[in-house]
Amino acid sequence: MKWNGWGYSDSRFLFNKKGQAEFTGKRYRLSGLILPSLKDWFEGTFGANLQHKSPATPTVNLSAVAPPDLNEPFVEDLKAAGVAMSHDPEDRVFRAHGHCLHEIFALREGRIGRVPDMVVWPSCHKDVEKIVELACKHNVCLIPYGGGTSVSSALECPREETRSIVSLDTSQMLNERGYCTGHEPDSMEFSSLGGWVATRASGMKKNIYGNIEELVVHIKMVTPRGVIEKSCLGPRMSTGPDIHHFILGSEGTLGVVTEVTLKIRPIPEYQKYGSVVFPNFQQGVACLREVARQRCAPASIRLMDNEQFQFGHALKPQVSSIFTSFLDGLKKFYITKFKGFDPHHLCVATLLFEGDRGKVLQHEKQVYDIAAKFGIHYKKHLCVCVQDLGMDYYVIGESFETSVPWDRVLDLCRNVKERIVRECKERGVQFPPLSTCRVTQTYDAGACVYFYFAFNYRGLSDPVHVYEQVEHAAREEILANGGSLSHHHGVGKLRKEWMKESVSGVGLGMLKSVKEYVDPQNVFGNRNLL
């Protein structure tokens, strides 16, 4: 794994000696392929120059890692209990961060902030109970760690914490069983089941399988007060407020999720991908809303605006066949010339159907019949993360998300994108930013919208501060336009200033009362949410 970026060390975008973009490694379908259009898109979009590089620090600067502040009685009791532990600098640094821009940017520059003083690896529920018991006894601060994919500053060690901080890594408690839950967040390759529960996660196939709260049957969580769990695995209980909903989204503030029972399904026998091209974003949103109204959404349906369409087109691998090149040209001619779609306004929805073959084909026809009123059935389109590549050439960027009622989707998307452009200009960003969005989840009453923005930071003395100011303004714009604080990324420390506005003062007081009862010593002191 990369210690200062996303994913595996052997898998990354780069520009080779010929100036061509390629994706390294052997793990993915893009691996080893040349992407002939990415260089022109990258330079044209950001004003970047391949001669101006901003390389990352290659290895952890161990001298920059502060010595651990160990609570020796706690350590001795853990040894006696047989719990695996480490205070190795690299182990501590790796678990001191998630993947927010400011976290990764600092690591690339070799700057190490407060890190856990040690890491512990429980192997079972009983181990967690013992760790929490000893943390209470010795007044130690615990920060649960799952897959490290947080984008809400949830894993950062609070600077004001004076106690010894212990990262409780649950990675040795996961077992593969070979079943399909259908829950597939974009971070699935690296995130953990406990993390999905603790952050109230959502997956790309929620239209068929549901979000994590709809998949959960039973949860067991260790808290400083004891273990929380329901008495049975009944499909529904009318026993007051659902205690699962105190656990879901608690972000490591109440305890450690140690066991989860999820609904499972047979692995689908058939999958089929497709796309629909629309003349503009408005038509695309109207189509997705109609699909949601008729309750026939496929496993996944995602609408990209024109800027993301252009980016996706830039990621097309080099074709090896003259016939394939001819077909691509023919499709482009049909859409832009014959149908009259403006390539600077059209957008694309990507679709995934899965299940029984016969039902998939029937479902596919139903969706495309609706889509025909708004756009053209096309082909699968691709979009992936190139954040690390951007950082190599003075370009920084990130994504954030919200949920919003259908009647506010278009206004919110337009206003937030315009606000990002305006804020960048006012804060001295010299090149026009990339400001783009996509609709990633649909519901009866609304949708989840993702925003992506990035800019060339050459000439800025503190680019991360500028980025954070722009993102803060964008979040204010989201809330002013009727959007939520978060659809599934969670709150962490990054967005907690808006919690009172989001859940009301009384609601926030309820959450604080639960925290104070369950964890009176603030053993789980990551300071998320509250």
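In case you wondered, yes, glycine gets a Cβ from its N, Cα and C as well.
Per TrEMBL, the features are as follows:
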{"type": "DOMAIN", "residues": "63-267", "note": "domain 'FAD-binding PCMH-type'"}
{"type": "BINDING", "residues": "144-150, 199-202, 251-257", "note": "FAD binding site"}
{"type": "SITE", "residues": "Arg302", "note": "site 'Important for enzyme activity'"}
{"type": "ACT_SITE", "residues": "Tyr450", "note": "active site, proton donor/acceptor"}
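Averaged across the domain 'FAD-binding PCMH-type' (63-267), pLDDT in this predicted model comes to 94. Taking only the Cα positions, the spacing between Ser150 (FAD binding site) and the residue listed as 'active site, proton donor/acceptor' is 16 angstrom. Applying an 8 A CB threshold to same-chain residues 6+ apart, the list for Tyr450 (active site, proton donor/acceptor) reads Ser399, Phe400, Glu401, Cys437, Arg438, Val439, Thr440.
When the C-alpha distances from Arg302 (site 'Important for enzyme activity') to the binding-site residues Pro144, Gly147, Ala201, Gly252, Gly255 are tabulated, the minimum falls on Ala201. Its Cβ placed at the centre, Gly252 (FAD binding site) has 26 other Cβ atoms within 10 Å.
Sequence-distant neighbours of Ala201 (FAD binding site): residues of the same chain at least 6 apart with a C-beta under 8 Å from its C-beta are His183, Pro185, Ser191, Gly195, Asn211, Ile212, His488.
Each of the binding-site residues Pro144, Gly147, Gly255 was scored by other CB atoms within 10 A of its CB, and the lowest score goes to Gly147. Within 10 Å of the Cβ of Arg302 (site 'Important for enzyme activity') there are 22 other Cβ atoms, across all protein chains. Neighbours of Ser150 (FAD binding site), defined as other CB atoms within 10 A of its CB across all chains, total 29.
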